[in-house]
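A.B. asks: The domain 'Major facilitator superfamily (MFS) profile' annotation in TrEMBL covers 1-424. Per TrEMBL, the feature transmembrane segment maps to 37-59, 96-115, 121-140, 202-219, 239-257, 304-325, 331-352, 373-391, 397-420.
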Amino acid sequence: MVSLTITSYLAVQGVSPLIWGSISDALGRRPIYIASFAVYIVANIGLSFSPNFAVLLIFRGLQAAGSASTVSIGNGVIQDISPPAERGKFISFYQAIRNFSIAVGPVLGGVLANFLGFRSIFVFLLALSSAVTLVIVFFLPETMRAIAGNGSLRLRGVYKPLIRYLRKEPDYMEDPEGPVRRKEVTPMTFVEPLRLLAQKDILVNLVFGGVVYTVWSMVTSSTTDLFKMTFHLSELQIGLAFLPNGFGTIIGSAIAGKLMTRDYLSVEETYKASHGSDATERFTGGNLPADFPIERARLKRLPWIVLIFVVTTAAYGMSLNFASLTSRRGWIAVPLVLQFFVAATSNAVFSLNQTLITDLCPGKGASATAVNNLVRCGMGAVGVALAEMFIHSTGPGATFLGLALATVAVGPLAVVHWYWGQSWRASRMEAAERARTEKALGS
């Protein structure tokens with residue numbers, strides 16, 4: 001039952017960002033945030049009163065659809081407000097908070113279910129999501145540059161947070177030169193993000209990141225059954241067993257963010273020196289030169305991070321495989337420490353992966369994240385559905401050793417991106433420029 005609910009949740013969460021992300025890239029971030037949180041609130045009301053498992057499963061899908069907006073639109077907002085030099089730390093922090101909640105949610109859920117029953121979890125989420133929605137309505141302005149510019153354009157209607165109606169706007173705010181021109185939402189709006197999968201550099205990055213995400217999801221989702229069966233833990237103790245995973249997500253993402261900022265500035269300095277560029281000029285997502293080696297800036301630390309991930313994933317499985325070891329007093333600390341390293345390194349990979357995807361798709365931050373999420377959650381849903389079967393048939397040792405070897409098998413994709421990604425990106429940018437020129441001449 002647990003794996004079924006997780007699988008269905010991941011499946012819906014993988015697809016729905018294509019809808020939210022596509023609409024937000026056309027109509028703006030703020031109204032879609034509000035709409036998606038309204039869906040999430042309705043889902044939590046339904047879950048609080050669900051009479052049977054079938055109804056609960058339906059509302060869990062609706063809950064996933066509502067919450068999925070935070071995945072794509074959040075990264076869209078980050079792309080709106082941050083240049084490449086600062087984007088890594090923004091995305092890493094954002095991802096750390098999001099994945100920390102995924103890993104640590106079972107801790108709070110275990111406490112609530114243990115003392116108040118499982119429905120109290122959804123009542124808590126209802127209260128929390130309602131509070132967040134109020135914060136968005138009152139304080140979050142529109143950030144999409146086609147509507148808000150660089151933040152100095154005066155906002156109107158749904159794009160304007162309520163707090164700005166209650167106080168005087170800053171003097172630097174100005175009216176837009178003309179009416180806001182929003183993209184028309186058509187059926188092709190939702191297909192457009194899928195076209196990113198046809199780009200070789202984007203595809204290899206997505207597949208590699210998807211495999212790592214699948215392994216981490218299988219480690220996380222199997223924790224409940226594995227630790228209950230191996231160490232005979234209570235519901236509350238199982239919830240606490242997720243803490244190392246949660247702290248790993250925070251620390252891994254934070255370290256990745258700092259490393260990406262340092263590596264980007266180093267690559268940017270070298271590039272400017274070799275091209276005689278102004279050292280004070282800062283590149284934005286829209287003016288990043290075709291020959292700028294952004295791939296080298298983002299992937300420089302990947303080899304040693306993946307090496308630690310592979311070794312600790314294999315060791316984690318082995319630490320749970322032998323009864324002669326797991327029966328020892330205090331042995332539970334070994335798989336928990338290894339799970340911390342699995343979470344830290346996998347989330348470092350996610351940060352590198354997501355930041356590079358965002359760099360490769362200027363102006364399409366939400367759509368790029370939606371496609372990334374589709375690949376991750378699609379692969380993750382399959383992995384979670386199969387995890388229990390693999391563990392019961394071959395044991396945790398063989399299962400996680402196999403997952404570690406699967407990560408090694410897709411490692412060449414990262415190598416290919418390192419050596420040929422820049423040339424693929426340059427070709428895509430040149431083709432896009434030719435298309436714009438031909439369109440301008442035709443008009």
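Just so you know, glycine gets a Cβ as well, placed from its N, Cα and C.
Heads up, TrEMBL stuff is auto-annotated, nobody curated it.
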A.B. asks: Within the same chain, where does the transmembrane segment (331-352) have neighbours whose Cβ lies under 8 angstroms from its own Cβ atoms, ignoring anything closer than 6 residues to its ends? I mean 6 or more beyond.
C.D. replies: 88, 91-92, 95-96, 99, 103, 209, 212-213, 215-216, 219-220, 223, 227, 231, 241, 244-249, 251-253, 255-257, 260, 298-299, 301-302, 305-306, 308-309, 312-313, 315-316, 319-320, 325
A.B. asks: When you check the transmembrane segment (121-140) against the transmembrane segment (37-59), do you get at least 3 Cβ pairs under 8 Å, counting only pairs 6 or more apart in sequence?
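C.D. replies: Since 3 or more Cβ pairs under 8 Å link them, the transmembrane segment (121-140) and the transmembrane segment (37-59) do come into contact.
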A.B. asks: Taking 37-59, 239-257, 304-325 as candidates, which has the most Cβ pairs under 8 Å with the transmembrane segment (96-115)?
C.D. replies: 239-257
A.B. asks: Against which stretches of its own chain does the transmembrane segment (397-420) lie, if we need a Cβ under 8 Å and a gap of at least six residues from its ends?
C.D. replies: 200-201, 204-205, 207-208, 211-212, 214-215, 218-219, 295-296, 299, 302, 306, 309-311, 313-314, 316-318, 320-322, 387, 390-391
A.B. asks: Over the span of the domain 'Major facilitator superfamily (MFS) profile' (1-424), how high is the average pLDDT in this prediction?
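C.D. replies: That stretch averages a pLDDT of 88.
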A.B. asks: The transmembrane segment (304-325): which same-chain residues, six or more beyond its ends, come within Cβ distance under 8 Å?
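C.D. replies: That would be 212, 215, 219, 226, 230, 256, 331, 334-335, 338-339, 341-342, 345-346, 348-349, 352, 395-401, 403-405, 407-408, 411, 414.
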